[in-house]
Amino acid sequence: MNHWIILPILLPAIVAPMLVLAVRHDVVLARVFSLASAVLLVLVAGILLGLAVNGGPHIYALGNWAPPFGIVLVLDRLSALMLLLTSFLAVGALLFAVGGADKRGRHFHALFQLQLMGVNGAFLTGDLFNLFVFFEVLLIASYGLMVHGGGSQRLRAGVQYVVVNLVGSSLFLIAVGLIYGVTGTLNMADLAVKVATMEAGDQALLQTGGLLLLLVFAIKAAMVPVQFWLPGTYALAPAPVAALFAIMTKVGAYCIIRVHGLVFGEGAGEAAHLIHDWLLPAALITLVVGMTGVLASRRLGQMTSFAVIGSMGMIMVPVALYTHEALSAALYYLVHSTLAAGALFLIVGLVAERRGSLQDRLVVGPVFAQSGLLAAGFFMAAVAMAGLPPLSGFLGKLLILDAARDVDANVWIWTAILASSFLAIVGFARGGSTLFWKPSAMEREFDGVHEPAGGAVPFVAVGILLAGLVMWTVLAGPATHYLDATATQLLDRQRYIDAVLN
Amino acid sequence: MEFLVASAVGLMTGAGVYLVLRARTFPVVLGLALITYAVNVFLFTMGRLAVNLPAVISDDAAGYADPLPQALVLTAIVISFGMTAVVVVMALRAYLEGDTDHVDLADPDSGDEGDRS
């Protein structure tokens, strides 16, 4: 047993109470602790990635209780990749917050660490009930982060967000109850074994449970028809929080790959390919709805939120196909879209801060501070998000299109991806030209504008995320090599089951 | 007993869903509470209904009640109770700051709005 595996959960779990109890009155110390924890998490995730590359899923049985009876953490290539992505995004978002956003409310850093703990736990856990518990941990922290800084509009969006997620959690519990009722286990590997030999009489309950789980994960992943909560939440959340939330939709995508791929995948008897008929149409509609929203948005934050919805559709299309090439393409695009969305949300925050009462509305206003630098950053992030060459969005879309070449619905998939890319390009071009291009001729000042806080630090944070995008593009070769091996591991269900149960 | 438990779960869920779909925060909070009660009772039944059976090993027991749902439902109760408290506090703050307890968001481009940061 390798004790490194539990560190991504333990480290933030220890730092968070320390931030509340010991350094609550000292902003500088809190920032140092929080940033140090995030940087350490990147290192730990790197070590775990090295571990995951060597051989098949690694198991950490808590209290040394043998699975399926105890709680088990599972580290494979997919979870190691997600851990690294989370911690990298967290460093960027935290650095941005250190520029001044963390002082607008209390306990920002503690909540941030708890959120990281929840996300890391969801990526590592090997059983359904702990997945629920870690979902709750990350949600409770996100409620606090979402309303950080206050403001009546943001608070009301926060209430909406809490209500939607509470209903989602209730559905999760019902699904868990149904599945436990017919199988008598909640360990994912054990479930995969039991589901394969399920009697015909229990299939109805089991499949209802499986589809309810899909609905719960779809709420998290913001897929049509349960995407409506996302634009309000993400557009009104503080910028560094919105950037961190970019990983939360991916938690939903990860859970669909993990749970439905493992338990209801190939070889699951009558329940095999349970979600196949539902996921592809939902993903295509999500893609089109999201990118149409980009075109229709009246604020930059809203536009970015709809782009997040669209990119979730883009990820779920290859996940629905669930072939080797498709999975590899989905994961490549998943990493790319997380970094792009994170960078875009940070840039939106910087722009809104500089435009006084106009905030991020897409109306022409006077020139604002550092307009050129922000325009360059926005241009780069928008190019990535819309999937234009030379950045990784283009490569990701190529991989997805290639993986969808020989399937039955290829006409639909190609049409949806190409048309939605066009919508995204037009939308972002309109937004960028309104905010950065047209203002040059105007003379008057903003009302209510104040000197932007934080100096260069927020720009460094944006730079880190954009540099991550460039790295992901330059290193596309080694990355796809790693992702191909990840896809192979995901499709080899027996190896996962053997690793956990034996 | 099956009928009683099943209809109780169904009734509470139905009432809860109706209340959650209301436009103001107070009925929504009540609806959420009802739904979580229904879910907790439902979780109990997932280990099958049993009367007067021990959950731990005893020599003269005819059978055993499944102990796992009882542990799970305890976790679920704690979490749902805490979440209800959170949503009450947030709804109160939103009401006090925004002077309205409607759940829906106003059109962001009309009237005043909160600070972005």
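Including glycine, each Cβ sits where the backbone N, Cα and C put it.
The annotation domain 'NADH:quinone oxidoreductase/Mrp antiporter transmembrane' is assigned in TrEMBL to A:126-419.
Distant neighbours of the transmembrane segment (A:32-52): 2, 4-5, 7-8, 11-12, 15, 18-19, 23, 58, 75-77, 79-81, 83-84, 86-88, 90-91, 94-95, 98, 109, 112-113, 116, 120; these residues of the same chain sit at least 6 beyond its ends, with a Cβ under 8 Å from one of its Cβ atoms. The transmembrane segment feature in TrEMBL is assigned to A:32-52 (among others).
Counting only same-chain residues 6+ beyond the ends of the transmembrane segment (A:108-125), those with a CB under 8 A from a CB of the stretch are 5-6, 8-9, 12-13, 15-17, 19-20, 30-31, 33-34, 37-38, 41, 60, 71-75, 79, 82-83, 86-87, 90, 93-94, 97, 101-102, 131, 133-142, 144-145, 148, 244, 247-248, 251, 254-255. Residues or ranges marked as transmembrane segment by TrEMBL: A:108-125 (among others).
Remote same-chain residues near the transmembrane segment (A:131-149) are listed as 101, 104-105, 107-108, 111-112, 114-115, 117-119, 121-122, 125, 155, 157-158, 161-162, 165, 169, 172-173, 176, 220, 233, 237-238, 241, 244-245, 248, 251, 255, 259 (criterion: CB distance under 8 Å, separation of at least six residues from the stretch ends). Summarising the annotation, TrEMBL assigns transmembrane segment to A:131-149 (among others).
Annotation source TrEMBL lists transmembrane segment at A:161-183 (among others).
Distant neighbours of the transmembrane segment (A:203-223): 135, 164-165, 168, 171-172, 174-179, 181-183, 195, 229-230, 248-253, 255-256, 259-260, 263-264, 270-271, 274-275, 278-279, 282-283, 286, 308-309, 312-313, 316; these residues of the same chain sit at least 6 beyond its ends, with a Cβ under 8 Å from one of its Cβ atoms. Residues or ranges marked as transmembrane segment in TrEMBL: A:203-223 (among others).
If you look up TrEMBL, you'll see A:235-259 (among others) marked as transmembrane segment.
Residues or ranges marked as transmembrane segment in TrEMBL: A:279-296 (among others). Beyond the ends of the transmembrane segment (A:279-296), by six or more residues, the same chain brings 214, 218, 222-225, 227, 231, 256, 302-303, 305-317, 319-321, 409, 412-413, 416-417, 419-421, 423-424, 426-428, 430 to within a C-beta distance below 8 angstroms of the stretch.
TrEMBL lists A:303-324 (among others) with the feature transmembrane segment.
Residues or ranges marked as transmembrane segment in TrEMBL: A:330-352 (among others).
The transmembrane segment feature in TrEMBL is assigned to A:373-391 (among others).
Residues or ranges marked as transmembrane segment by TrEMBL: A:411-432 (among others).
Annotation comment: TrEMBL describes A:453-475 (among others) as transmembrane segment.
Residues 88-89, 91-96, 98-101, 240, 243, 335-336, 339-340, 342-343, 346-347, 349-350, 353, 370, 373, 377, 380-381, 384, 390-392, 395 of the same chain sit 6 or more residues outside the transmembrane segment (A:453-475) yet have a Cβ under 8 Å from a Cβ within it.
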